[in-house]
Number of protein chains: 2
Amino acid sequence: MKIGICGLGTVGGGTVNVMTRNSAEIAARCGRSVEIVQVGARRDNPDCDTSNINVSREIFDVANNPDVDVLVELIGGTTVARELVLTAIANGKHVVTANKALIAEHGNELFAAAAAKGVTIAYEAAVAGGIPIIKSLREGLAGNRIEWLAGIINGTGNYILTEMREKGRSFEEALSQAQALGYAEADPTFDVEGIDAAHKLVIMASLAFGMPLAFDKVFTEGISGVAKDDIQYADELGYRIKHLGIARRTGEGVELRVHPTLIPERRLIANVNGVMNAVLVNGDAVGPTLYYGAGAGAEATASAVIADIVDVARTLNVRPDQRVPLAGVTQESQGDLDEVLSMDDAETSYYMRISAFDKPGVMSKVATICSEQGISIEALIQHEPAEGEELVPVVLLTSRAREAQLQEAVSQIEALDTIQGPVVRIRVEPLG
Amino acid sequence: MKIGICGLGTVGGGTVNVMTRNSAEIAARCGRSVEIVQVGARRDNPDCDTSNINVSREIFDVANNPDVDVLVELIGGTTVARELVLTAIANGKHVVTANKALIAEHGNELFAAAAAKGVTIAYEAAVAGGIPIIKSLREGLAGNRIEWLAGIINGTGNYILTEMREKGRSFEEALSQAQALGYAEADPTFDVEGIDAAHKLVIMASLAFGMPLAFDKVFTEGISGVAKDDIQYADELGYRIKHLGIARRTGEGVELRVHPTLIPERRLIANVNGVMNAVLVNGDAVGPTLYYGAGAGAEATASAVIADIVDVARTLNVRPDQRVPLAGVTQESQGDLDEVLSMDDAETSYYMRISAFDKPGVMSKVATICSEQGISIEALIQHEPAEGEELVPVVLLTSRAREAQLQEAVSQIEALDTIQGPVVRIRVEPLG
């Protein structure tokens, strides 16, 4: 099988290096040799030896090269990458990609084009780097009705939250540290505001629930508002704060949301620290399963790219219906985009931190407001006011309720004259 | 696709129930309907409705039924099961099995028979219940050279060790508790002495390293000798004791061993408790990845059986070389059985607990003995002797060394007249 690789950055270089180093293992696993016949890249990668490979400075050469069976798209972005992949498909080539934004935003279109042409698009590397989570959702758990999944799927954000907890750093300090180490970009929006996680979440949800990719419908809240005090109070209550992507099937539809989340410290996923990723998947038959590993990095991502290449190699000439369906289920059986619920209809518990004047009756008013919204208070810690300080930090955990009710309670609490400033609220998930 | 199921016990009943409940999801995932046309079972299962299925009391009827495309072997054991599977293969049927003993002990023969006949044997359910570890090793990590893997792959043993640690129970007390809850058999040998774990370990090692199944060559040590004191001392040193199956590739060959192991408490796998299973796999490209879930139970195991059925359904009529190779790699590329190292050549660290008379110079003699074997002492805790007790428990951790050297040091320490009784030793693995 002959492959062409477009893009020779971190992942492209890693892919060429690992394929070269492990060529004997890879051939043994797929039962045929896999040869890189062309690389399309605007510039060379000093960490990668391409002296024996035909390198073109024009990536579309690869998509139009009649010798190439499989185009491996590692250029990133969604504009040129989309055109490149559509060109490869039009030319009857299979595609392997690590591009989460491309799949999340244009996957429905690309899958339809691939299906019409009878070729496949493989995208294991688009989610959680080297962790084989796409394969697990799509094949390994195929006997299950997936009920929910929750993932730490952005290593930058997890690194920042881990530093804040372990070293008592503020968000800004931890972010600077992440930038100094190369874990975060100069403009960190994409990672810390949850856009990257939302891309990965919709890809996993589409496979778990057999629905189209619904990137526009994901609720996204970043971690820039998480204070180190909240991480410490969460600890006192037996919780860790993680930035989770959560997809959950309810009687009414599908929840798709990315937000900071308190999770019980006894859960394995609460102990996934640093830049590592993990995804917890709950199936009706298998119960909870967890997949953990490096979510980024040249060779970890290359591991997923190559697993896809091996899969494509094995099924190069089979009938399309003998391959794993692109979106996990056959196109006829896909659910509807209308299935995605508004965030108002999502159900969670809340962690709230309230700055209250130290006067009698404050907590009773808060409890009454919650109760009127059908919410009960399950834990409450009132801290001592700081020296010379009138305001007392009060931390509480609520019962599970609809988001709209919780928001209404927060608005009413904020309107109390015995409360100062906004109520800090972070969603809580038991993941049990 | 038409399947026949042999065995209607826990897993067989679970498989019928989940297939019935999730039939729409399963058909959507494999792109064709899957029908159970026959069940072979000596007796009915009251938890499973088979009123619409042709049930035969003679399991070989299923292997000889010309309507059956795939035989699902869930009878257990290695004698009749082997014959049944060979008969099904001879009749040109694909096989799905959850039988770890059968694959570990007769897999080489069965794989050869299947290859000769052009059919497949799928055995995801044979290792770690519903966790898709076979698929991850064989496909998801196909781009890697796997360096080592370590698994908590016996839920009974993990339950016992967890109870001992969390409730301060002795091995005997925790075992009785496990028996009362149905987690352990009346004769628990198979689980607590590591035979069950050895079955699963060789299956994983064969896939990870591309070698034949080498059950006879696994070193096995059970957990019946683990004292609650050792669990507590390990805790003091920042370790947990887990019963691990470990497969490691070294420059000289492959280590295959099952034994109680101290692992650093900060590793995720150290926090896998109760009956849950987890496997940590280290690939050269991906780094460490971990797979966690229920290792047993009717529906968790059924989840893996059905994932295999879906895989077989998709590739029912493809050429054999277009399927994933049975043993992970093509038969021509399989390594050699001679690769398995003797335990003497394995490399680990040791935790040692020594009962020493409280006299000067004892530790110096112990250190000299270790040093002469090329072993250094990396941590040492000397506990106070109990009231009126002359003997002091001394706990130490050694550097990494060959097993033969460590055993020699233990023998010499036991021969000291300032030491009483045998030296307790438990292997230590950093898993980092």
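Glycine is no exception: its Cβ is also placed from the backbone N, Cα and C atoms.
Marked as NADP(+) binding site by TrEMBL: A:C6, A:G7, A:L8, A:G9, A:T10, A:V11, A:G12, A:G13. Secondary structure at A:V11 (NADP(+) binding site), as computed by DSSP, is helix. Here the Cβ of A:V11 (NADP(+) binding site) has 27 other Cβ atoms within 10 Å, regardless of which shown protein chain they belong to.
According to its DSSP assignment, A:K100 (NADPH binding site) is helical. For A:K100, the entry in TrEMBL reads NADPH binding site.
Marked as L-homoserine binding site by TrEMBL: A:E185. When Cβ atoms from all protein chains are considered, those within 10 Å of A:E185 (L-homoserine binding site) total 13, not counting its own.
What TrEMBL records for A:K200 is active site, proton donor. Annotation note: A:K200 (active site, proton donor) sits in a helical segment as assigned by DSSP. Within 10 Å of the C-beta of A:K200 (active site, proton donor) there are 25 other C-beta atoms, taking all protein chains into account.
Per-residue pLDDT, averaged along the domain 'ACT' (A:351-427), amounts to 93 for this model. Per TrEMBL, the feature domain 'ACT' maps to A:351-427.
Minimal Cβ crowding within 10 Å, among the binding-site residues A:G7, A:G9, A:G12, is found at A:G9. Across the domain 'ACT' (A:351-427), DSSP helix (H, G, I), strand (E, B) and coil residues number 23 helix, 32 strand, 22 coil. Following the DSSP three-state reduction, the secondary structure of A:C6 (NADP(+) binding site) is strand. Neighbours of A:K200 (active site, proton donor) among the binding-site residues A:V11, A:G12, A:K100, defined as a Cα within 10 Å of its Cα, are A:K100. Of all Cβ atoms in the protein chains displayed, 25 besides its own lie within 10 Å of the Cβ of A:G13 (NADP(+) binding site). For the recorded NADP(+) site, residues A:C6, A:G7, A:L8, A:G9, A:T10, A:V11, A:G12, A:G13 set the reference point as the centre of their Cβ atoms, and the other residues of that chain within 8 Å of it by Cβ are A:I5, A:G14, A:T15, A:A41, A:N45, A:L74, A:I75. Each residue contributes its Cα atom, and for A:G7 (NADP(+) binding site) and A:E185 (L-homoserine binding site) these two points are 19 Å apart.
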